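See below for the structure under consideration.
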Amino acid sequence: MGWSCIILFLVAAANGVHSQVQLQQPGTELVKPGASVKLSCKASGYTFTSYWMHWVKQRPGQGLEWIGNINPGNGGTNYNEKFKSKVTLTVDKSSSTAYTQLSSLTSEDSAVYYCAR
């Protein structure tokens with residue numbers, strides 16, 4: 001079996017009237033099938049614990065799929081049933097960062113992943 005990889009593109013999106021609101025993600029991740037990856041989304045310019053953080057997936061040529069969301073204030077989560085066994089959402093309040101961990105990666109996980117407030 002030849003070497004293969006999975007490419008995950010990370011994009012942040014924020015809504016609101018204040019231009020200083022930012023969600024920052026580190027960029028492209030290159031991982032091997034079967035591995036796990038933890039994607040980060042660092043928030044700034046607003047009170048992190050006051051807004052739910054959403055994660056969305058988009059495969060090439062396809063529409064957006066809502067993965068789930070997390071309440072940074074209390075850690076409460078909601079998941080799309082499709083992703084429940086694939087994804088774990090967490091936050092670190094001290095660094096105002098949201099995370100999504102994807103496990104047992106396959107070619108179907110190669111996509112653009114958005115975090116959105």
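Keep in mind that glycine also has a Cβ here, set from the backbone N, Cα and C atoms.
CYS115 (disulfide bond) falls within a strand segment according to DSSP. Cβ neighbour count for CYS115 (disulfide bond) (all protein chains, 10 Å cutoff from its Cβ): 27. According to Swiss-Prot, the feature disulfide bond maps to CYS41-CYS115.
The region 'Framework-1' annotation in Swiss-Prot covers 20-49.
The feature region 'Complementarity-determining-2' is assigned by Swiss-Prot to 69-85. Tertiary neighbourhood of the region 'Complementarity-determining-2' (69-85): same-chain residues 48-55, 57, 91, 93, 96, 98, selected by CB-CB distance under 8 Å and a gap of 6+ residues from either end.
The region 'Framework-3' annotation in Swiss-Prot covers 86-117.
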Including all protein chains shown, what's the count of other C-beta atoms within 10 A of the C-beta of CYS41 (disulfide bond)?
27
